[in-house]
Amino acid sequence: QPPQKDYDDLCSLPDLNEKTLLENLRNRFKQEKIYTYVGSILIVINPFKFLPIYNPKYVKMYDNHQLGKLEPHIYAVADVAYHAMLQRRQNQCIVISGESGSGKTQSTNFLIHHLTA
C-alpha cells in the first residue's frame, strides 16, 4: 500500500472526520512529525523521547515567519504570539492543555526557550 499523504494542517484534509484525522496524526507521528496544526491551534503528540528539533537552527528558522509557511512547530506558535504582542501592543496568551504526562511542562520549556532566544 502506498504511503498516504500527510497534512500538516488538519483543516486541509479533503475529508475531515474522526477516522481521517486520527490516521493523519498517526502517519505524521510515525515520521516523527509530532506537531500538526488545526488552523492556528497546534496539536502535539508526545514522542516520549528527545527529537533533534529544538536547537539554534530551528530557533532561527522560525524567527519572524508567518504561521503555516514552515512545518508546524512550537517555536512557530511562540514566535507568532511574540510578534503579535509587539505589533498590536497587547498581551498575548498561549494555552497549553493535556492529560497528565502529555508533555505540557516540556512544551512550556520549549516556548520559553524560543522566546528568550
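Cβ atoms here come from the backbone N, Cα and C positions, even for glycine.
Just so you know, TrEMBL annotations never went through curation; they're auto-generated.
From the options 34-51, 70-87, the stretch TrEMBL describes as transmembrane segment is 34-51. Assigned with DSSP, the residues of the domain 'Myosin motor' (5-117) fall into helix, strand and coil as follows: 50 helix, 9 strand, 54 coil. The binding-site residues considered are Glu99, Ser100, Gly101, Thr105; of these, Ser100 has the fewest other C-beta atoms within 10 angstroms of its C-beta. Apart from Gly98, Glu99, Ser100, Gly101, Ser102, Gly103, Lys104, Thr105, the residues listed for ATP, the same chain places the Cβ atoms of Asn46 within 8 Å of the centroid of those Cβ atoms.
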